[in-house]
Amino acid sequence: MILVIDVGNTNTVFGVYDGKKLLNHWRMETSKGKTSDEYGMFIVSLLSYEKIDVGKIEAVVIASVVPPIMYSLEHAIRKYFKLEPMVVGPGIKTGINIKYENPREVGADRIINAVAALELYGGPLIIVDFGTATTFCAVSSKGEYLGGVICPGIKISAEALFQKTAKLPKIDLVKPETVIGRNTVSSMQSGIIYGYVGEVDYIVRRMKKEMKEDNIKVIATGGLARLIASESETIDEINGLLTLEGLRIIYERNK
């Protein structure tokens, strides 16, 4: 069995695989203040609760976009699992030719998503990840990572609206029944949700034109993927566990 860990700006997701089967996964808030013991005891308690023997974990794979967390997390793995974690970064085999001007600038999560999507769906692809930031990644039919787009995430956009407009209330990110709002809350929900749907569809269409390939599949992942995909005209499929799957595949290519 292997433990995979995806450290994002907002949440950290843990998953355990037995071969290609995901046994379970858990989510916690990403916190820069946690000690290695806090991480270690948290992970061990999760596994114990699910009756997963810690001693049967053969490897740990970590991807992170939050560097300050890595020292404590890596130390936790060494202390509680007696393993040297595999950290996705330079030197790790991904099987993808990165066409970015500076490949080191590409976030590990974006490459991992591309690895998983190529394995599961084949190219060409556009991957839309609805995280703290929303990212769009273009992958060619040859398996090349072409580049992409980075936008403020839905929650960041909503928070900016709340903070900069004194009279507007905080609202839940819920899709209203109509675009035309009949009160302040539904008008704000409409602007945030349907405005974001329009942004996603426009960017995807432009990317498809620039990629100049046929049958480009669009895969959505991330916490708010279902909310947007339900209204999107361009998203073909949702896979909320794409990053965990990518970590498993990368481990197989590097073990």
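We number each residue from 1, going along the chain as drawn.
Cβ coordinates are placed from backbone N, Cα and C, and glycine is handled just like the others.
Of the residues proposed, Thr94, Thr132, Thr134, the one Swiss-Prot records at the same ATP site as Asp6, Val7, Gly8, Asn9, Thr10, Asn11, Thr12, Val13 is Thr132. A Cβ within 8 Å of the Cβ centre of Asp6, Val7, Gly8, Asn9, Thr10, Asn11, Thr12, Val13, Thr132, the residues given for ATP, is found for these other residues of the same chain: Thr30, Val65, Val66, Gly131. Between the listed binding-site residues, namely Thr10, Thr12, Thr132, Thr184, the fewest other CB atoms within 10 angstroms of a CB are found at Thr184.
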